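Presented below is the structure to which this report refers.
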Amino acid sequence: MADTRRVTDTLRRWAPILKVLAVLWLVLAIFMAIPLLVLIVESEPDALAFGLSIAIVLAAATLSWIVTWRIPVSLKPWQMFVLTTLSWVTISSFASLPLVLGAPQLSLTNAVFESVSAITTTGSTILVHIEDLSDGLKLWRGIMQWLGGIGIIVMGIAILPFLKVGGMRLFHTESSDWSDKVMPRTGGIAKATLSIYCGFTLLAAMAYYLGGMSPLDAVVHAMTSLATGGFANSDASFGAYAEQPQLLWMGSLFMLCGALPFVLYIRFLRGSRMALLRDQQVQGLLLLLLLVILALTIWRVSQGTPAFTSLTQVTFNVVSVVTTTGYASDDYSAWGATAYVAFFYLTFVGGCSGSTSGGMKIFRFQVAMLLLRDQLRYLIHASGVFVSRYNNQPLTDDITRGVVAFSFFFFLTVAGLALGLSLLGLDFTTALSGAATAVANVGPGLGETIGPAGNFAPLPDAAKWLLCVGMLMGRLEILTVLVLLTPMFWRQ
């Protein structure tokens, strides 16, 4: 009797999580049907792989729903932490099925690496001869990143501020409030965000097509640009369009659109026309991009590269790395030591909170600068009282603690991952840049192996699994995962 009660209590605690996961898996299966239809029309053998994958995902979703359908979804904070991590892990796992069963016939390690990289919108790849893949698989790679982009926006707007992860309480809005009274407004903001995301994607696809891309390439690059994911339909990434500068400028624009806060787009459409330009995150990101692009363009021109070519290539690749998209139109690691070091530093920055971008996020650097300024003030005026504000909100101890803790564990994770990779035999540059690009969800690293002109395929399997962990931890803002590893969390 006691055992039965214990099982029932356990089911009630975990049922809301399983029920939400069932819905997410169902959505994944529905989107798998899109490349399946393309493959059926083109009579490609990969259609069978997608059919089997859909059947497996639907079976898991149906079983979870049957077990939990009578139990209402009411999530407590601990369930939100578990759900956030499990959703990314399980979706990445299921998304890898077509890559294992399909024409590439990847090993489990390579398939999971590719899907984790896609869903987390990192953009690192182990695939070669991408041009030879079926249209369905090319489309699936784009869809995975596009779905990951949606998940990132929802997480950044509605979940992480609620969980107070890494100073994200700064961006607490009605969409971050999970009380019953506010849920209708949360749903409204979710619909508005999805509409804007889809609208930008359609606009990007049309622009790329009119700019000279094929219909399939236009659609895939539109999805991966807005998701700041970086998957392309060529081994050369955007280098395949290096002779078409109009496409590079379009790509720069749409990557930037994906890296800005989507909540501010909603405010803009609702009448607050200056919402974007007045936001300190946006101001900081645009200023950083302007200064870096200007400096590196001057550097490239001084090296003998034509001015317009320098400006185009620098703008595209700087925007790509800062927004953590990961496209490459040129091997910028060969631009010289100055550019090499600059791109390594830019790997950590990231875009804005509430966007599809990864990295540390620009607001944490801004908050750190405010904390540094206050500390210098205290040294000069020991009895002074200083209250810094960010976006007209006071920086409370709760927020500053979150930012400091996140920053510490972010770099600790990079350092630990780099050490693990070096123990597996990777050279210093590959280990350090690989760890940084994984945790920051950027995509390419530096050096000959995993740089903009390289690929992650040569790495040992153990290194790929470590990088998968790094990509997931980076996407889940580090602390969301670490809290699950503490005994205190499970006792409560």
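Every residue, even glycine, has its Cβ placed from backbone N, Cα and C.
From a predicted model like this one, the values you see are computed outputs, not experimental measurements.
If you look up Swiss-Prot, you'll see 20-40 (among others) marked as transmembrane segment.
The feature transmembrane segment is assigned by Swiss-Prot to 47-67 (among others), with sequence analysis given as support.
The feature transmembrane segment is assigned by Swiss-Prot to 81-101 (among others). Sequence-distant contacts of the transmembrane segment (81-101) (same chain, at least 6 residues past either end, Cβ-Cβ under 8 Å): 16-17, 20-21, 24-25, 28, 32, 35, 46, 48-50, 52-53, 56-57, 60, 75, 107-108, 110-112, 114-116, 118-120, 137, 140, 144, 147, 151, 155, 159, 163, 472, 475-476, 480-481, 483-484, 489.
Swiss-Prot lists 143-163 (among others) with the feature transmembrane segment.
Sequence annotations record features per position, and here Swiss-Prot assigns transmembrane segment to 196-216 (among others).
The transmembrane segment feature in Swiss-Prot is assigned to 246-266 (among others).
The transmembrane segment annotation in Swiss-Prot covers 282-302 (among others) and rests on sequence analysis.
Here Swiss-Prot flags 334-354 (among others) as transmembrane segment, drawing on sequence analysis.
Summarising the annotation, Swiss-Prot assigns transmembrane segment to 403-423 (among others) and lists sequence analysis as the type of evidence.
If you look at the transmembrane segment (465-485), the same-chain residues 6 or more away from its ends with a CB under 8 A from one of its CBs are 81-82, 84-85, 88-89, 92, 109, 112-113, 116-117, 120-122, 124, 152, 155, 160, 163, 165-166, 168, 358, 405-406, 409-410, 413-414, 417, 420-421, 424, 434-435, 438-441, 456, 459. The transmembrane segment annotation in Swiss-Prot covers 465-485 (among others).
At the 8 Å Cβ threshold, with sequence separation of at least 6, the transmembrane segment (334-354) lacks contact with the transmembrane segment (196-216), having fewer than 3 such pairs.
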